[in-house]
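Engineer: Annotations for this protein, taken from Swiss-Prot, read as follows:
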- 1-26: region 'Disordered' (REGION)
- 7-24: compositional bias 'Basic residues' (COMPBIAS)
- Cys253, Cys320, Cys327, Cys330: Zn(2+) binding site (BINDING)
- 1294-1369: region 'Disordered' (REGION)
- 1342-1351: compositional bias 'Acidic residues' (COMPBIAS)
- 1357-1369: compositional bias 'Low complexity' (COMPBIAS)
Amino acid sequence: MTSSSPKTRKSSTKSKAKRGSKSKKAAEIIAVQRLSKTPPPFRNKVVDKKVLKNLVAWAFKHHGTAATAAMADNLKDLGFRYATQAAVSISVDDLKVPEAKQDLLGQAEELITATEECYRLGEITEVERHTKVIDTWTETNERLVDAVKKNFNQNDPLNSVWMMANSGARGNMSQVRQLVGMRGLMANPQGEIIDLPIRTNFREGLTVTEYVISSYGARKGLVDTALRTADSGYLTRRLVDVAQDVIVREEDCGTTRSILISAEDGKFGNRLVGRLTSEQVVNADEEVLAERDTPIDPQLSKKFEQSNMQGVRVRSPLTCEATRSVCRKCYGWALAHNQLVDLGEAVGIVAAQSIGEPGTQLTMRTFHTGGVSTAETGVVRSTLSGKVEFGSKARVRGYRTPHGVEAQQAEVDFNLSIVPTSGGKPQKIDIPIGSLLFVDNGQNIDIDVTVAQIASGTVQKSVEKATKDVICDLAGQVRYETIIQPREVTDRQGNITLKAQRLGRLWVLAGDVYNLPPNALPVVSGNVSVKEGQVLAEASQASEFGGEVRLRDSIGDSREVQIVTTSMTLDDFKLLEESTHSGEIWHLEAQDNTRYRLNTIPGSKIGNNEVIAELSDDRFKTETGGLIKYAPGLTIKKARSAKNGYEVSKGGTLLWIPQETHEINKDISLLMIKDRQWIEAGTEVVKDIFSQTAGIVTVTQKNDILREIIVRSGTFKLCKESKALDRFEGDGQIVNPGETIAKGIKTDSMVMVQSVETPEGKGLLLRSVEEFNIPDQAQLPELKHVKQPKGPSLGVKASQRLAYKDGELIKSVEGVELLKTQLMLETFDTTPQMTVDVEVIQDLNSKGDRLKLVILESILVRRDTTSDSSHGSTHTELQIENAQVVSAGDVVATTQILCKQEGVVQLPDAVDGDPVRRLIVEREEDTITIDSKGTTLLKVGQRVVDGDFVSKDQSIDACGEIENIDGKKVKLRLGRPYMVSPDSVLHVRDGDLVQRGDGLALLVFERQKTGDIVQGLPRIEELLEARRPRDSAILCKKSGTVDIKKGDDDDSVVVSIIEDNDVISEYPILLGRNVMVRNSQQVIAGEFLTDGPVNPHELLECFFTDLRDKKPLMDAAQEAIAKLQHRMVSEVQNVYKSQGVAIDDKHIEVIVRQMTSKVRIEDAGDTTFLPGELIELRQVEDTNQAISITGGAPSEFTPVLLGITKASLNTDSFISAASFQETTRVLTEAAIEGKSDWLRGLKENVIIGRLIPAGTGFSGFVEELNAEAGPHPDILAEDPAGYRRIQNLRPDYTVDMPSSPVAKNTAVLDDPSEEDLEATRSRHGIDPTTSNFAAFARPVGDDELSAEDQMPDPAALEGLQEEGLLSDE
């Protein structure tokens, strides 16, 4: 086996190969032999994915990439060769369904039937039933997976499907389960789990229903994949942007700060590997395991575990003090090659990609979980029969589980013991806080009884509020149990809802409920017996206005009754019908033979102020188009719209100046006359177009296209008198008869004069003006009105309407009608929807037709209907006859609602002013009578459920309310209980009548979000964007002792925290929030008082305010930030871990560092900062130290948490920020502030087109800094990343910094010796490693200071003189 000869090695491998499952061992041996000189050890072990992974990792670590690649290639060839030889393949016969499946399904069905029964008896709510069903199927599914594994393992270990899934080659148990177990539960598109599971698998085949349900999940998977890919890409972009300028720029920042990595269950896993220790690590025996700055490899990590170390302090990017970068030692190993990271490595980009990339994987894992799984808690069963004892420490409170089981929850940690009845050793169980107990203290229990469900630590699960409707299964009357205590709640909009305050039942007592039609009134009183067919209620339909009845033929389900309210016949007009080629035209002819053309046709409907007919009148018709002018005196009525013309209010004269307008739109080559030429009538102006009048022609053209030709008729007179020409320039003027127009030009008639320039010369055009006289009133025969004392009235009025407004030019060749005389309908006191019908009637005297206008009231009368589940049968009777005259308010028809089955009528309690909309008949089938065999234990009005006892040994097998007890006979009205939980919204009130299918209540409950990456990616985004969640948990602001009191209303609670200095802070907690603390508990700042998602900003504030009282500002800020950072890192890790994605902590730390690096200035003190400005914490620290030395006031600040988008936009580089988002805003602000970009990150340099300061470009960056530092290289010793870029430093180490006037004049020597500096440092307690001496202030003389201000601070002078740094002068 270990022979070095290749031939023997090959043959020996071949002889082993035929042992099926051991085929892959040879892989390890061959591959390993190629790499090592010594013969490898023989390992008899099945090689699966995990072993292969470790093997490749080992080879890579010890032998490099080339050898590993060759080995992997050999392994691949080997695998394929033996797979071919063994003929591994998959066929349908390989899919073997375990026999245990049917039994498991049977057990699940039994459990669910029992749950349904509990629900029917009103012991659990609809939500609890749903949860229980889903959990039952989830558990069954898990058990079936185990059965599948067991079946393959025992009966067919070499099954191809099993080998494939088990070795990690392809597929996983979740997929194998669907092939041979059961497909399981599916979710609908809203993400709710459907409680009908898919019981079959793909081997057996799905039923149609199951196929349709399972296609939900498939669709969801596809859509999710598409959406999440985009989301994940955008997340990566934001991460890259926030961290792109984090580059390793220093060897060692020299920090003493560190983070503690604690062991989980005594194991560190990979969490320490690649880190450097921040201090000497010693074990319990004081033995040094590692010095400071020792890189931790897997062996050292194991050594720590073996020494039972609970935690190790390591260096981390979170605590690195390198300005805006990370040093090599804080970052640790670069995970690509497990060596210390190189200088110039762009670790920010690596971190961003490491976090963003798994986002796409997360997406693919849609929902493998069956919803709410209870796997996080362990169930403890009794191992013996005996008596339960809680012990003296125990404190428990009542609790209802999500499955509706009444249990007790532990409020403290305690030990529970079961003392055996037969004597012997008791069973001890540790009960941690929050665990559920299903037994009582002192209870005797049997062996294998569920005692408790142990809580696995306080996991903050993400929950969401959800609602579920409770739908009524039978018609009947609603009765509340008094325990519900409903109360009315008014929301912000003023809507009132009824809410249950306690857990209790709503009962629906059976009966036949009748929905009454609108305006129906009961004709029977309550508690009266009725027979089948008896009238229960009556609805009547009455006429509103009265009039003559017309009965129409019935249409569909109803019959129309028309009542003629008002009618009017136009007796003065004959109605004539004329046939034309376009159809029938109707005319009205008056006695003076004037004709009106009818605008409507008989049989149609018209409304108020609509035109009935128009006068056919040629008196106001023109021959051509032209210009219209109103003479003074003619007035029109003001109207909203001029759609129907302008109504004349006072008659007068209308002036008309004819003008012929031809609209052409042809090429100019077709023009046959000249512009402004005089033409005669009949002249061809354009090909095939002739002028109808004589006059001067005006041609309008554009881009060689003829638009219009206008002919202005009249007489043309040449005129040289410029005064006259100027007078009639433009639109011209109207001149009356007999007036002199110009020298030698006079007119006999009214004309319009205009100056015109023609080819012959300038002159005046005298255009004739036609006058139309309009009377004040339209000339019409007598019109009459029909007035009624009550109800609508009718009338006809005449109106004259002008079609055009004053000064309007009508472009036309044909004539137009200037005035229309119209007959209009006028109605009074009508409702808007009331219309007038136009009818034709015969005049008996003159044998002609007349026009009749009729106002109708239409009433739809219901036809008889047969009964259905919610309505009784109805019978409708008409109370009128055709042509009968009825008065207003007379009944036209009555509808009777008839009883379906005999029984006793009950009317609901009348609510103020509301009519009765439903009534109920209690039938014989709604009650049962029970013969009691002994003394009755029940009372009248008591409600009972299945299994309750009538007498000592006799139980009931129905639910309902006891109506009557007569001796031994007990009458029970059947009913159905529905459990409602506290805070449910009640849709019905006590005593209401409901139909089957009505909603009774809306249950409000909290459910866990499905443990699924669909929650994962948004959750990561929520964390990294530092979003403020809705309904966040209430956090404790200061440390202290808890005191819980009742609030003002019954169910609210006030939690008071009593601090050490006896200050009390109160936190009112609303109904529906779970309090997470108990009385007398000690809490620290930032601890949860209620459940819910945490608001990270609030958490940071809590940490900071608490620490601010105990520590200096800088320390408080750093410690608060550190606490928050630790929490953020673990939250992000939890999401990825739950999906099985491994990301190294340091990547998340780099991003979190960027999110928490800034502080908000509250008070600038004597620094140059502005209040509200966001500044790097390190920069504030340096400035404050410098200011405090010069005696100025340091700035006050609060730490802030920025989401990744905000952090990217708040970066110092405006080029980077502008290329990310909100380009215009960022650039504008940068321009206004006169910012400089120091091109530190990668993005800025790429955009500018320079070499990036990372990788090989890093050395160039360092050289540039050295050149800049010039004569003061020691500046770089203190600031190796060159962050100050010596931008505002003068060669003599000074910066102008405003400070207090006194401090301004304190003399500081320019270049003190190193010893002098050292002495001053020790005197003022300055740490040279953290202080930036380049930022020390230099004195500046200020002429504006008073003599007093110019005086130096005596104390400061004395100090400097003592040090010998200042001469006596």
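Our numbering is plain: 1 for the first residue shown, then up by one each step along the chain.
Here the Cβ of each residue, glycine as well, is placed from N, Cα and C on the backbone.
For each feature listed, report its degree of burial, its nearest neighbours and the pertinent distances within the displayed model.
Structural biologist: In the three-state DSSP reading, Cys330 (Zn(2+) binding site) counts as helix. Around Cys330 (Zn(2+) binding site), the C-beta neighbours below 8 angstroms that are at least 6 residues distant in the chain are Cys253, Thr255, Leu276, Arg315, Ser316, Pro317, Thr319, Cys320, Ala322.
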Engineer: Do any residues at least six apart in sequence from Cys327 (Zn(2+) binding site), in the same chain, have a Cβ closer than 8 Å to its Cβ, and if so which, in order?
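Structural biologist: The answer is Val248, Arg249, Glu250, Glu251, Asp252, Cys253, Cys320.
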Engineer: Using a 10 Å cut-off, grab the number of neighbouring Cβ atoms around the Cβ of Cys253 (Zn(2+) binding site), all chains included.
Structural biologist: 22
Engineer: Near Cys320 (Zn(2+) binding site), how many other Cβ atoms are within 10 Å of its Cβ?
Structural biologist: 25
Engineer: Within 8 Å of the Cβ centroid of the Zn(2+) site residues Cys253, Cys320, Cys327, Cys330, which other residues of the same chain have their Cβ?
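Structural biologist: Close Cβ neighbours, site residues excluded: Glu250, Asp252, Thr255, Arg315, Pro317, Thr319, Glu321, Ala322, Val326, Arg328, Lys329, Tyr331.
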